[in-house]
Amino acid sequence: MADTTVEKLATEVGKSVERLIEQFSQAGIKKGQTDNVSEAEKQQLLDYLKKQHGGESAPTKMTLQRKTVSTLSVAGNGGQSKDVKVEVRKTRTFVKRDVSEAVLKAEEEAKAKAEAEAQAKAEAEAKARAEAEAKAKADAEAKAEAKAKADAEAKAKAKAATDAKTTKDTSPEAEAARVEAERLKAAQAEATKRKQDEEAAKAAEKARLLAEENSKRWDEEERQRKEAERYSDHHITTSKVARAAEDSSDMDEEKRGRRARNKNTAKTKRGGKDARDGREKHMRNRSTAPESMAHGFNKPVAAVTRDVRIGETVTVAELAHLMAVKATEIIKQMMKMGSMVTINQVLDQETAQLVAEEMGHKVVLIRENELEQQVLSERDEEGGVKLEPRAPVVTIMGHVDHGKTSLLDYIRRAKVAAGEAGGITQHIGAYHVETENGMITFLDTPGHAAFTAMRARGAKATDIVVLVVAADDGVMPQTIEAIQHAKAGNVPLIVAVNKMDKPEADIDRVKSELAQHGVMSEDWGGDNMFAFVSAKTGAGVDDLLEGILLQAEVLELKAVRDGMAAGVVIESQLDKGRGPVATILVQEGTLRQGDIVLCGLEYGKIRAMKDENGRSITEAGPSIPVEILGLSGVPSAGDEATVVRDERKAREVALYRQGKFRDVKLARQQKSKLENMFANMTEGEVKELNIVLKADVQGSLEAITDSLMGLSTDEVKVNIIARGVGALTETDATLAAASNAIMVGFNVRADAQARKTIESESVDLRYYSVIYNLIDEVKAAMTGMLSPEFKQQIIGLAEVRDVFKSPKLGAIAGCMVTEGTIKRSAPIRVLRDNVVIFEGELESLRRFKDDVNEVRNGMECGIGVKNYNDVRVGDQIEVFETVEVARTL
């Protein structure tokens with residue numbers, strides 16, 4: 001085969017010349033439009049195209065095994081039909097034709113198509129040319145005929161003219177006719193040529209447009225093929241096509257078989273034909289389009305770390321959803337951490353944070369209190385940053401009976417200690433006094449061990465702590481605790497050494513003991529100011545006040561006086577006539593009657609304000625303690641009190657806090673530790689002392705509750721089933737009767753209805769005004785509930801000297817009593833080489849053949865052991881009795 005040019009080859013394969021030159025260039029062959037192409041270059045181009053199209057890696061043979069299961073209804077016995085499952089297994093082999101053959105075939109098809117187009121073009125041109133020639137021939141014949149006719153006429157005229165005028169040789173009309181005939185012939189030839197040129201140009205333009213369209217289509221197909229090769233696998237595509245072909249063939253065979261069975265099968269059971277028709281219809285309607293075999297999920301190769309947003313409470317299921325794990329994974333993790341939880345259990349924020357961090361996630365703690373923040377942000381302080389000096393808040397702390405209230409009493413020039421039950425302070429007293437050098441606010445805290453929380457609360461709200469130490473008693477446990485509270489609050493400490501009027505006062509001892517706990521006197525090079533006072537005579541009190549004001553001046557205590565007030569609840573109680581009453585220490589701003597107060601879980605509008613002396617006031621500035629009325633409930637001591645603008649929003653915030661407090665409380669109560677599981681199992685064996693407790697103020701209630709709960713032991717548990725502030729009511733009495741509880745009133749009494757219920761139900765009611773007595777009596781009641789303890793006490797010991805045989809009693813041991821007394825009614829043990837070998841009771845005790853009840857030390861006796869005959873010489877018989885021992889807590 002001779003070499004062809006690039007242009008001719010492009011025409012043969014049906015591609016544009018530019019595309020073919022580009023493919024030659026990609027194959028490493030540089031060609032122009034008029035260059036010749038050899039067979040070797042064609043083969044090189046073909047190999048390159050095969051490689052680019054993936055022809056080398058394409059599978060040449062594929063075997064598919066298919067299994068189809070169908071149901072055939074056949075006639076059975078009795079005219080009934082039954083379904084028989086038919087399983088058809090097929091193996092089909094598909095052979096893919098070589099890519100080169102496909103390419104050659106495509107080229108041959110393109111070449112044949114081009115040749116057909118060229119042949120059609122040539123035939124069209126030949127047809128047009130033949131038509132033009134036929135038309136021209138017809139015109140020529142017509143012209144020749146006209147010319148012959150004209151010639152004949154001309155000859156006739158010429159002959160006539162010759163006859164008439166012999167001198168004239170030719171006719172002018174004939175010449176004109178000849179010229180006109182030549183002109184018409186030239187015009188006809190020119191029109192025919194112009195028409196042929198136009199038709200040829202149209203055919204060439206049509207061929208060019210067809211070639212461009214084919215080139216664009218082939219380029220698009222090439223681009224789509226490459227795109228498909230990038231995202232799919234040739235084997236998968238081949239498998240899909242083969243499967244589609246096989247599915248189509250299988251369905252045709254299945255339908256043909258079913259039609260044949262339907263014709264030949266006898267009467268079937270009711271509904272069989274409809275079922276088969278439905279199945280055939282389903283098979284006919286089933287899509288045979290190939291489905292993708294590639295899944296779209298890839299297994300993660302690394303752990304996914306998420307930002308988990310946790311609110312104040314969250315359930316186990318919600319936490320699992322936030323971390324995108326199963327709830328069982330969280331339950332397993334918490335079991336490893338020592339907690340047993342369920343899927344719906346509420347977790348507090350700290351627990352959820354630990355679990356999420358343990359599982360490798362980042363935790364973002366969120367506070368769901370946007371409304372609360374909005375309400376508090378709407379507070380305005382009219383004074384802005386204008387700060388004014390304020391009075392110092394001084395807390396009097398120290399051990400019980402060291403003279404705290406007496407010292408404050410002297411300062412206030414009023415008898416306060418005498419009004420306290422038992423001479424000890426039961427709750428915080430807040431007072432402000434005017435001195436010559438300025439005003440001072442005092443907080444008097446209890447010194448008893450039960451009032452730890454109240455002392456801590458006092459240290460939290462104070463500026464200066466005055467530690468009262470008795471000069472004759474020294475440092476005591478509550479003194480040390482007060483020092484710890486002051487250090488924890490980073491509050492300056494002033495030591496007031498009281499009872500200096502007593503002859504037993506020892507100043508050096510007090511300084512030395514305080515120095516051991518980090519409180520060093522200025523005389524000894526320390527930082528703490530010491531004042532030596534006597535609350536009885538008033539000696540040194542002025543020096544103490546001067547030292548307090550000096551310390552306050554050093555601290556530069558300032559606060560915003562104008563604007564909305566904020567403070568802290570010092571004490572709260574439920575008054576029978578006035579309702580909830582809260583003692584608030586104003587810390588900033590001015591508290592006025594009529595203000596809306598948000599106080600912990602409670603809210604309300606201030607209906608009345610009273611100072612510590614019970615006088616009504618209308619406003620209170622910084623460092624002033626005041627009693628307010630009008631709250632919705634009794635707030636907890638230590639809560640922050642804030643004045644807000646909108647009562648409706650304050651109510652919403654209070655309700656939100658109550659709900660959140662309940663959720664957090666439940667979340668903490670639901671914790672069940674693994675180490676407590678066995679204790680929980682045996683909890684039913686623990687005896688409980690149920691108590692209904694009512695107190696006059698919140699602080700005393702907390703102190704008594706903590707003290708009573710601390711009395712619980714492994715055997716007796718104190719269970720406070722109800723507690724509150726205020727008088728004992730009929731509801732309390734009914735609850736105590738139903739739960740077999742003791743009713744305890746601390747500085748409160750039962751009302752008339754409650755007394756009737758108590759009398760009718762025989763409920764144990766006890767009143768107390770001193771916390772010592774309450775704790776002691778509860779402890780005595782718990783002691784009576786303890787299960788008795790029994791102890792075995794040895795009362796006698798006898799040594800076997802000889803053994804006698806008795807026909808009635810068997811072996812009789814002749815013994816000498818070496819210790820104590822042998823009693824016939826007491827149980828005994830037989831010891832051999834100091835090892836107990838038998839435990840039982842005496843059957844016979846005789847002395848000189850007489851039955852006796854007991855034998856004393858140093859006497860001989862005969863002992864018969866019941867159901868035991870292996871008594872030997874040298875054994876010891878030990879007599880003991882079981883004694884009940886009284887138990888104490």
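In case you wondered, yes, glycine gets a Cβ from its N, Cα and C as well.
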Annotated region 'G1' segment (source Swiss-Prot; candidates 30-37, 398-405, 846-853): 398-405
Range among 358-362, 388-392, 423-427 that Swiss-Prot annotates as region 'G2': 423-427
Of G398, D401, K404, M500 (the binding-site residues), the residue whose Cβ has the fewest other Cβ atoms within 10 Å: D401
DSSP-derived class (H/G/I helix, E/B strand, else coil) of K404 (GTP binding site): helix
